[in-house]
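First up is the structure itself, then whatever we jot down about it.
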Amino acid sequence: MKIILFLTLIALATCELYHYQECVRGTTVLLKEPCPSGTYEGNSPFHPLADNKFALTCSSTHFAFACADGTRHTYQLRARSVSPKLFIRQEEVYQELYSPLFLIVAALVFIILCFTIKRKTE
């Protein structure tokens, strides 16, 4: 129990937060800066933008921001060669309730039922 408390105390003292992002290789990733006056620590080209955002080219990379309050935000980008949703065809094969075929069949069943009920009552 004391070991768990000690490890928790060490983790809180370092104040290191981790952020993970998946992206398609070669695209640009838009991320929000964790703190406005942070120091960038990394080897990837970093492009600061308005509203405390920044852009990075997607590649498998590891970088960090060190904030003035001592908090360190570590980012891990994981690049994929192809997006899995890029080439998937969205074919939803389902039949609507009010399709013409359904309406024709329903009308025929209704007419047949009307005639059979009428014959039974005679």
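Cβ from N, Cα, C; glycine included.
Residues annotated as domain 'X4e' in Swiss-Prot, with sequence analysis given as evidence: 16-81. Annotation comment: Swiss-Prot describes 16-96 as topological domain 'Virion surface'. Per Swiss-Prot, disulfide bond is recorded for C23-C58, C35-C67, and the stated evidence type is sequence analysis. If you look up Swiss-Prot, you'll see 97-117 marked as transmembrane segment, on the strength of sequence analysis. Sequence annotations record features per position, and here Swiss-Prot assigns topological domain 'Intravirion' to 118-122 based on sequence analysis.
Here the features listed in Swiss-Prot are placed on the structure.
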residue : record         : Cβ neighbours (10 Å)
C23     : disulfide bond : 19
C35     : disulfide bond : 14
C58     : disulfide bond : 19
C67     : disulfide bond : 17
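Here the transmembrane segment (97-117) has no Cβ contact under 8 Å with any residue of the same chain six or more residues outside its ends. For the domain 'X4e' (16-81), the number of residues in each DSSP class (helix H, G, I; strand E, B; coil) is 0 helix, 40 strand, 26 coil. Cα of C35 (disulfide bond) to Cα of C58 (disulfide bond): a span of 22 Å.
Taking CA atoms as the reference points, C58 (disulfide bond) and C67 (disulfide bond) are 23 Å apart. Here the C-alpha separation of C67 (disulfide bond) and C23 (disulfide bond) works out to 25 Å.
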